[in-house]
Amino acid sequence: MNCSTLLSLVLMLVQLWPCSPSMQNHSAQNTDQSFTAVQRVKHGWVWEPLFATEEQTSVVPVYVGQLKSDLDKQDGNLKYILTGEGAGSIFIIENNGKIYVTQKLDREKKPFYTLRAQAINRSTQLPVEPELEFVIKVRDVNDHEPQFLDGPYVATVPEMSPEGTSVTQVTATDGDDPSYGNSARLLYSLIQGQPYFSVEPKTGVIRMASQMDRETKDQYLVIIQAKDMVGQAGAFSATATVTINLSDINDNPPKFQQRLYYMSVSEEAPVGTTVGKVFAEDSDIGDNAAMNYFIEGDSSDVFDIITNNETQEGIILLKKRVDYESKRRYSIRAKVVNRYIDDRFLKEGPYEDTTIVKINVEDADEPPVFTFENYVMEIAEAAVSGSSVGVVTARDPDNDDCPVRYSIVRGMHLKRLFSINEHNGTIITTKPLDREIASWHNITVTATETRNPEKISEANVYIQVLNVNDHAPEFPKYYETFVCENAVSGQLIQSISAVDQDDSAEGHHFYFSLAQEATNNSRFTVKDNQDNTAGIFTAKSGFRRQEQFSFYLPILILDNGTPPLTSTNTLTITVCDCDTEVNTFYCRYGAFMYAMGLSTEALVAVLACILTVLVFFLAVVAIRQQRKKSPFSEKMEEFRENIVRYDDEGGGEEDTEAFDISALRTHTVMRTHKPRKKVTTEIHSLYRQSLQVGPDSAIFRQFISEKLEEANTDPSAPPYDSLQTYAFEGTGSLAGSLSSLGSNMSDMDQSYDYLADWGPQFKKLAGMYTSHRSVGD
């Protein structure tokens, strides 16, 4: 360690605290004091200030201080012993009580040491003073550099912030003792970042030194230095970088790139067509650059402008169809305004801009244009064929002299009702119209350029058929009217009304009366109720069915049309034989019989004859059905329902060699007819043979073929496919055949004793057959 370092280390001292009972109070009061004179207590320890600095060399012991007993006569009779932390290794004491440090001390590792001292009489080896406990405190030297633990730093501050605005704060730390000296006292300074920023020397707060525009420069790199020892010579230092970003504020208005735009649009363009785009620049970013476009003036009814929020463009759209022949040029004023405005900068000017957009309308070959999009016409019904309905007109907007040809788009319901003059657009009828069939007709008329047939336009024509009073009123239905023989004069027997197919602007009103020819000698009268109904009353009392069964009453009905129309409707009145009230069913029956010219007795006779014929017919049908039944049918039913015949015992699950059933379905096996043999005998014979042959034996093929032939040629035989014939014992059955087909043979050939050997499963079966044989014997 060189001399300059030793000189700096002298400033850091170690203070000694006496801990003996007699000195504790005095020591506590002088812990942090420096002593310049020796202090003495009678019959106690005497010490002087002890000094030691950290980073002391371990080669040459360094004097720390001295302590001794006041009984020490300096004759060498006393010796001093040092114990505790570091005693004998870090700290040593000589006979005269001087203490030395022999190793490097590091305050950051151990800031103090606790030691004990004793004064011993060499002759008696007894202590002459109580044991003294004291603490050696290590004082700091500047051996640590400042550090920025949180760097590098990033901060953001709004652009155009006023001078003095706080940006951020940087903080450095120093490992030295902040309570002693200036080793840990830091001083901050700005190495890079002037003249835009400044830093407070003691706090490290970075502030704005001037207003800055983000659009000029949006990021700055600032370097801050932290120096200990309050910046004195020989101090340690450290630096940190601070990246400062300027955030955007809305301090710039939008500006159009061009002061004048030229665009064009075809007169054929539909509404909503994009005419063109305008663009205004804004140096700001994000929401501060958001803008809205508008159209000023009278052109806003023809054109519209919308804002594309992604590109911030203004898109001009066609709001209304343009016509080259009407107006060929438009001049509109487009305006752009910031969507979000910062009130702090309003004094610097409006945050908007305008530009002029000139739009030329391009000529196009347009289809003819009708005077009206929809026409409404009227014509009276029953107008003669060829009557004029109305006229439609269309012109070519490009050239008024270009001829136009008219036509009707015909439909099935309009076929041959109307026609149009292709030159002048006159619509005429081709046949009389009936309003009661259709009161409105909707047709579509087209206008086509003669020079360019592809240019076609359409117009709708609605034709109303006006009403003409051409239908006379009439009964709405057929009235069944009855009158009793005992009816009295003035009795209401029927209420009637009327309908008219024509329309009436004032509403229908009908008038009822008797026809002229029935006025004088009629037995009935008509009373008009003045509400489009009337009542039929008897004019006389007493009616006799035998004299006149029915009456036919002509009724005259008049409407209120122009001109008024009348009609005569006949009401049929039937006379009924009733006591107190009319029996409608009986009257209908009597009217029917009267119309047929039959009496009741004659009708009963006719019905009896019809019933007799019907019974005879059913009997004949039943007899014929009985004769058609086959004598074999009953046997067949019994055969089908009661007989289940098995001619062969199946081979069980292991039998996979059964014969192919397809042989039963072949149509090629046809042989000469042979008389039917006794099936039972053949089956017994084949059963015996089947025990020695396989399923492919010729015996089975011959048997199946013969039975199939007999079944096909015998009409009285049951369907052969309903029989299931088995003639082969499968080889997989361990028990052998269980068939009872051989039971008709002699008992000598049949023995069932072996059933008892099959196990408990066949115990009951063995008992049945054994007992049966015993009974037979």
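Indices start at 1 and increase along the chain as displayed.
Every residue, even glycine, has its Cβ placed from backbone N, Cα and C.
Taken verbatim from TrEMBL:
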DOMAIN    69-148  domain 'Cadherin'
DOMAIN    149-256  domain 'Cadherin'
DOMAIN    257-370  domain 'Cadherin'
DOMAIN    371-475  domain 'Cadherin'
DOMAIN    475-585  domain 'Cadherin'
SIGNAL    1-21  signal peptide
TRANSMEM  602-623  transmembrane segment
Over the domain 'Cadherin' (371-475), what does the predicted model average in pLDDT? 86
For a three-state summary based on DSSP, what are the helix, strand and coil counts in the domain 'Cadherin' (149-256)? 3 helix, 46 strand, 59 coil
Kindly report the helix/strand/coil residue split of the domain 'Cadherin' (257-370) according to DSSP, in that order. 14 helix, 56 strand, 44 coil
Which residue counts does DSSP yield for the domain 'Cadherin' (69-148) in the helix, strand and coil classes, in that order? 0 helix, 35 strand, 45 coil
Run through the domain 'Cadherin' (475-585) and tell me, per DSSP, how many residues are helix, strand and coil. 5 helix, 46 strand, 60 coil
